[in-house]
Amino acid sequence: MLVPVFTLKLNHKINPHMVTVGKYDGVHPCLTAATQAGKVFIHNPHTRGQRLSSSRITQSTQDSDISLLNINQAVSCLTSGVFNPSHEHHSLLVGTQTDLLAYDVHNNSDVFYREVADGANAIVLGQLGGISPPLAIIGGNCALQGFDHEGNDLFWTVTGDNVRSLCLCDFTGDGNNELLVGSEDYDIRVFKEDEMMAEMAETETVTSLCHMHGSRFGYALANGTVGVYDRTARYWRIKSKNQAMSIHAFDLNSDGVCELITGWSNGKIDARSDRTGEVIFKDNFTSSVAGVVQGDYRMDGQIQLICTSVEGEVRGYLPASKEMKGNLMDASVEQDLIRELSNRKQNLLLELRNYQENSKAGTGSKKKEKEGQVGVIPANTQLQTALSVNASSENQKPCVDLTISTSNDTIIRAVLIFAEGIFEGESHVVHPSAQNLSGCIRVPIIPPKDVPVDLHIKAFVGGKSSTQFHVFELTRQLPRFSMYALCTQGSAPKPRGKATFSINDRLQRVVMWLNQNFLLPEDIEVPDVCFTSLRGAGQLCIKIEQSGEITVNTDDMDLAGDVIQSLSSFLAIEDLNVDADFPDYFEEVRNTLVQVDEYHLVHQRLTAEMADHSSLIRNMLVQAEDARLMGDMKTMKKRYIELFDLNRDLLNGYKIRSNNHTALLNCLRAVNQAIQRAGRLRVGKPKNQVITACRDAIKNNNVNALFKIMRAGIQTS
């Protein structure tokens, strides 16, 4: 059984996801975590004789080993590491919703302090691609930004939604790190510098990412799912009713391969095999886990796994010794394993008894009656599936109909369907009543997003009087654009938005793509088609000329981007520029940019007013105290009444400023999403060029250039 080699009780709460270990003097590891009231504590038990003190750092009154760094804002993320390549000591990086602070703890000085308009929800420090200095990369409001140790902005790009987690990993195996980004739109995106090269769709917000080894990485979702990917292939995943607060890669059983360590909201810590997800170790805290990190905290040359709870409890674990290898669990866990194997044995014995009863069925009429009861079915029985678009009916919303039927007069007693991102809990059961049993079951499906989904179907098939049933299993893929019904052109007003591009490929290949990605009544041969969105987003028309020019008409810019990305992937197109015009959406973006300017002006005015009020309050407080000391109670009362009024105005001003800031963030998010959508209309280099040029146009406040780039992209000779 693996036990902690040290335990600490710190007298400070720890914010979840905000724990790191840094060697701020280059030698001694210090546990660092965000705590309450906009502070970061630094636990340094190694140099008790040295005490830090500055305008930012103060000593804790509760623990002599702890120094407190005053941020004066709610901390949203933090990390530490070697930032300046010419120095060995680590820097501390602290992100808030408005700023990024790089701090030299050893010298008690700011490395730099930068305002970040998009906020900092997640942060990672390290080498990205071919960019030579280490970067502090922050993810915020649909944007990614990277700073070097001098505070220079060397990296910027946009992503699909608010960023919740970041990780650096050699995804391609070329020796350079790629950036993995988890966001609130349930996607894990992989960036090779500013180029997005892969995208994996998950079922919930991606809250944590960690590099395991090679191209393998772990992930955690907001619904309690944790798992491991190797590039775009998922090795395994498990789902818990508790939330994963922190994940970390650490070789706990000394087999040379890192396990996935997970800290849970119920206080449990577990280590799982990176290959199978099997639990090899677990322990429990009395409160939720705050973070899992590693470091040589005892300064004895051995790296420990360091686990922290939100109540300030810290435990360190050493990797297992050779004698203990493979036996990290305590006796109670082994008993649980024995119980699980016993249950599995009972299930197998029950299944064996059912087979024996089938083989012992009688003869004649008794045999037929017996066969009906035990579920014997014709040997040629097949389970058939069909997908069709159901536009709408009186009692049913527009949906995709999945029809499951048998090939003879057998009946389907129940159907179980597993599908990611479609059903709540990822599974759906249809269990008709005994009076409504038949050989055909219809299941309505409403995919929330345009992504291909595998439907894993299990059906119980038997005779009408069966008490035992055969289980049929099959998998059917739901096409990416299944929520679009084929319609006749002219049945509705033609969309004003359009995207036009040219390809050098046979038209038959485009027709193949249409037949694979849409649910069509029969394979089409004419490449000019029109669809109606079952989600109410209007029409989608695709027109293909003999010259290879393709026009996609839709008012939904996201849909146009999805169509272009899907077609480019199918045709293996590496670089594609597109002429686009979405007048309604571009007008919305123009109005948003005007609002951004207005909110910036209001922000500057409110900040100036707050500074003036603060100065007046200081002067008035001095005057009131002077009057009190001189016994002039009338003047003192008058000054305190004025002070009360000023303070009330200051509080009201703060509320207005806070609301203005929230509105500004929403507008900035809309602008970043517009840049992301403009980029998704292109493929390869033209995509990256559009994103970079759009950002430059916004920085230079050149609105006309921005819309010109969104429409025509970057023209290259």
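From the backbone N, Cα and C atoms, a Cβ is placed for every residue, glycine too.
Per TrEMBL, the feature domain 'Ciliary BBSome complex subunit 2 N-terminal' maps to 20-126. Summarising the annotation, TrEMBL assigns domain 'Ciliary BBSome complex subunit 2 middle region' to 165-272. Marked as domain 'BBS2 GAE' by TrEMBL: 395-481. TrEMBL lists 484-571 with the feature domain 'BBS2 platform'. According to TrEMBL, the domain 'BBS2 hairpin' annotation covers 583-680. The domain 'BBS2 C-terminal helix bundle' feature in TrEMBL is assigned to 685-711.
Under DSSP, the residues of the domain 'Ciliary BBSome complex subunit 2 middle region' (165-272) split into helix, strand and coil as follows: 0 helix, 69 strand, 39 coil. When the domain 'BBS2 platform' (484-571) is classified with DSSP, helix, strand and coil residues number 26 helix, 26 strand, 36 coil. Among residues of the same chain six or more beyond the domain 'BBS2 C-terminal helix bundle' (685-711), those with a C-beta under 8 A of the stretch's C-beta atoms are 156-158, 194-196, 575-581, 586, 589-590, 593, 671, 674-676, 678-679. Helix, strand and coil residue tallies for the domain 'BBS2 GAE' (395-481), in that order: 6 helix, 47 strand, 34 coil [DSSP]. Averaged over the domain 'BBS2 hairpin' (583-680), the predicted model reaches a pLDDT of 88.
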